[in-house]
Amino acid sequence: MKLNNLPSEFQEALPILEKIKAAGFEAYFVGGSVRDAILGRPIHDVDIATSSYPQETKQIFSRTIDVGIEHGTVLVLEGKKEYEITTFRTEEEYVDFRRPSQVSFVRSLEEDLKRRDFTVNAFALDEEAQIVDLFDGMTDLENRTLRAVGIPAERFNEDALRIMRGFRFAATLDFEIEPTTFEAMVQTAPLLEKISVERSFIEFDKLLMADFWRKGLRAMIDSKAYNFLPDLAGKSDELEAMLTSLTEEFRFSTSEQAWALLFVCLGIDNIKSFLKKWKTSNDFQRSVVKLVEIYQLRQAGPVTKQICFKYGKEFLYLVEELHQAQGFVTDFAAIDKIDQALTIHDKHEIVVNGGHLMKAFDLKPGPVLGELLKEVEFQIVEGQLENEEQAIMTFVKGILENE
């Protein structure tokens with residue numbers, strides 16, 4: 001079969017394939033980019049596989065970088081573009097369910113494609129736009145089916161992260177997982193405990209951000225694979241609640257929004273501790289905590305000036321989107337109105353700081369100074385005090401005189 005419309009990303013990379021072929025070797029576009037081209041989806045990374053060994057690849061191109069040469073990968077710099085070119089390879093036993101004990105370079109495309117995870121990721125595309133499909137992936141694409149290459153249990157034993165990738169592909173492609181493949185996922189799910197948490201987080205996060213995230217999460221719940229992810233063991237009811245609490249068409253705007261809803265459904269108090277186990281960044285943790293706090297505040301009452309000032313309009317909007325999808329009363333207009341009425345949006349905009357107050361009133365650092373600054377901030381946000389030096393000094397003087 002021939003791909004009728006070769007995407008521009010492939011067209012730009014054709015000279016790479018042609019140079020390798022001119023040197024006497026085979027070269028193909030491979031992997032998910034070929035699948036996406038067939039489906040008419042946007043292409044992200046263009047991966048190239050070749051029969052040339054790494055040292056041979058380096059002789060073909062003048063500008064190369066060894067980015068993973070022990071695994072057969074050479075980065076080729078061509079013009080302003082960079083391309084990862086990987087030698088056809090086979091992989092020996094996976095000793096830790098993540099990495100092969102040994103990689104062997106081969107000249108056979110078929111041997112290379114055999115080690116791929118799913119049939120829809122095992123395509124190759126040559127310079128004439130001919131699709132190489134050795135595992136009937138085209139039929140699976142047409143049937144919107146996710147099927148492991150070869151014996152499913154072997155694929156997941158080789159790299160247990162493929163289980164999470166399977167859920168993610170179901171969510172991004174809107175595919176059904178083929179029954180034998182799904183059963184192998186169920187049986188090998190305990191191996192997820194062997195996978196680095198960071199890698200599992202990336203796949204789970206991509207799942208939640210996908211258009212068909214419900215399908216991926218449904219598969220994860222049905223497989224009980226969540227039992228082998230950090231702090232999710234026994235949480236099937238809570239994960240079900242995440243599925244049922246939102247309108248069918250809802251899509252998450254940000255990762256932080258998705259994880260915030262997860263925590264709302266899980267009912268977890270120590271969110272930072274949970275996210276630390278998932279090895280997330282401090283910024284991510286802080287953002288998710290803020291969203292959960294806002295969610296709880298909105299459950300208790302309307303948005304106030306203090307809430308808007310503390311968290312900012314963008315965060316309030318994200319929570320309001322969740323509320324809207326859950327059928328609660330929302331008021332985006334009120335958030336806009338309050339935000340526009342604020343005379344400051346950050347405490348650093350206040351014209352008087354602690355140093356000014358210490359000098360003017362002979363104060364020392366401590367609780368008294370802290371409370372004064374908080375009260376000044378509160379009154380400015382409420383619109384009861386002008387953000388002007390003389391007005392603030394008079395206000396503080398009045399407080400101190402009345403103590």
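Any Cβ shown, glycine's included, is placed from N, Cα and C.
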Report the candidate from R116, R214 that shares the ATP site with G32, R35, D159, R162, R165, R168, as recorded in Swiss-Prot.
R116
Compare all C-alpha positions of G32, R35, R116, D159, R162, R165, R168, the record's ATP binders, and send over the largest distance in angstrom.
21
Determine, using Cα-Cα distances only, which of these binding-site residues is closest to D45 (Mg(2+) binding site): G32, R35, R116.
G32
When you measure from the Cβ of R116 (ATP binding site), which residues in the chain that are at least 6 apart have a Cβ under 8 Å away?
G31, A122, V149
Between D47 (Mg(2+) binding site) and R168 (ATP binding site), the C-alpha gap once rounded to whole angstrom:
20
Looking only at Cβ atoms, how many others are within 10 Å of the one on R162 (ATP binding site)?
26
